[in-house]
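Asks: Below are the features I grabbed from TrEMBL:
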type: ACT_SITE; residues: Ser170; note: active site
type: ACT_SITE; residues: His197; note: active site
type: ACT_SITE; residues: Asp288; note: active site
type: DOMAIN; residues: 2-117; note: domain 'Response regulatory'
type: DOMAIN; residues: 158-344; note: domain 'CheB-type methylesterase'
type: MOD_RES; residues: Asp53; note: 4-aspartylphosphate
Amino acid sequence: MNILVVDDSAFMRKIIVDLLKDMPGIEVAGTARNGKQALEALSSQKIDLVLMDVEMPVMGGLEALKNIKETMNTPVIMLSSLTNKEVTIEALALGANDFVEKPVNLMAIQDEWILDFHMKIKSVGSKGKPFVKMDAASVKAVSSRNAETGEKIASSQLATHIRALVIGASTGGPRALLTIIRSLPVATKVPIFIVQHMPKGFTSSFAQRMNQETNISVCEAEDGMIIDRKVYLCPGDYHMTLKDGKIRLNQKPKLHGTRPAVDYLFTSAAQIYRRNLVAVLLTGMGKDGTVGMRDIQENGGYTIAQNKETCVVFGMPRNAVENHVVNEVLDLDSIGRKIRQIVG
């Protein structure tokens, strides 16, 4: 995999390049100091993935990202920090595949940060290829049609009276969620709970961005909030559960290497809403969400997974499909239409 590193800081470029050199199968195709140089490199070299700073002189990350997505659609991971979190959210809305939060202490980068960095590069750069292919049994469990494009219901039927909707997402999730949010009606009949794998500090900006895109109230969830007919986004560095008509947040150990974890929300909601619950598992790497989807199905609820073609990384949905806990596999637009029917 050939990677281009774009950052106006020579020190940061060196750190990123040194980290990439330790990864098998990775080649640093080159470096650039700004977006203009990045576009020049992309036009003359074979680049599989771009790691790009958000704020740079001459041409910033957002302008360069727009050009990349309009002309060549090379995968892009933004290099971000809390000081420019709003710009990072804008980059995700424009089509950045993911972002990596720059380490606060560049002289003492934690192993956990390096692991997350490596995982995102492998997943985004390979478009999910590291995950094993679904077998015939997995496909049949979802639908008699192709499991990646079909819309036929597998086992349990969708209840006529839905009381809540839960959504889980990781890599590529912000843009997918914005697409869904924009398709919602003026008012929702049910609460919508979302877990998006995102660091602390960024979820507040993302909730604000989603709130601007719809007439329905979207907020970052707080501990003790009384559940209403709104959209609630779990804050970074917290797990979200539901109890006694309220949202409960906790900082229990990370699950699947992440906090928040989708499984915490899904399992909690399954125990409350039972057959009157719908769960949607969107694009993302790893296996978070599968256990929760199983709990939802066992309680009579209905589960939907995003298809491979519209996923940035077909990891979490694929794992759920292979474990036979998905009722329906849909493309992103079809998921939007289904949610509109449920909440409208």
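One is the number of the first residue shown, and numbering goes on along the chain from there.
Note that Cβ sites are derived from N, Cα and C of the backbone, with glycine treated the same way.
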Asks: Please report the number of other Cβ atoms within 10 Å of the Cβ of Asp53 (4-aspartylphosphate).
Replies: 27
Asks: According to DSSP, folded down to helix, strand and coil, what is Asp288 (active site)?
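Replies: Where Asp288 (active site) sits, the three-state DSSP reduction gives coil.
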Asks: Report the DSSP secondary-structure composition of the domain 'Response regulatory' (2-117) as helix, strand and coil residue counts.
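Replies: Its residues divide into 53 helix, 25 strand, 38 coil.
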Asks: To the nearest whole angstrom, state the Cα distance for the pair Asp288 (active site) and the residue listed as '4-aspartylphosphate'.
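Replies: Their Cα atoms are separated by 28 Å.
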Asks: Tell me, what is the mean pLDDT of the domain 'Response regulatory' (2-117)?
Replies: 93
Asks: Would you count the other CB atoms within 10 A of the CB of His197 (active site), including those on all shown protein chains?
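Replies: 27, counting other Cβ atoms within 10 Å of His197 (active site).
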Asks: Within 10 angstroms of the C-beta of Asp288 (active site), what count of other C-beta atoms is obtained when all protein chains are considered?
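Replies: Asp288 (active site): 28 neighbouring Cβ atoms within 10 Å.
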Asks: When a 10 Å sphere is centred on the Cβ of Ser170 (active site), how many other Cβ atoms does it contain?
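Replies: By my count, 28.
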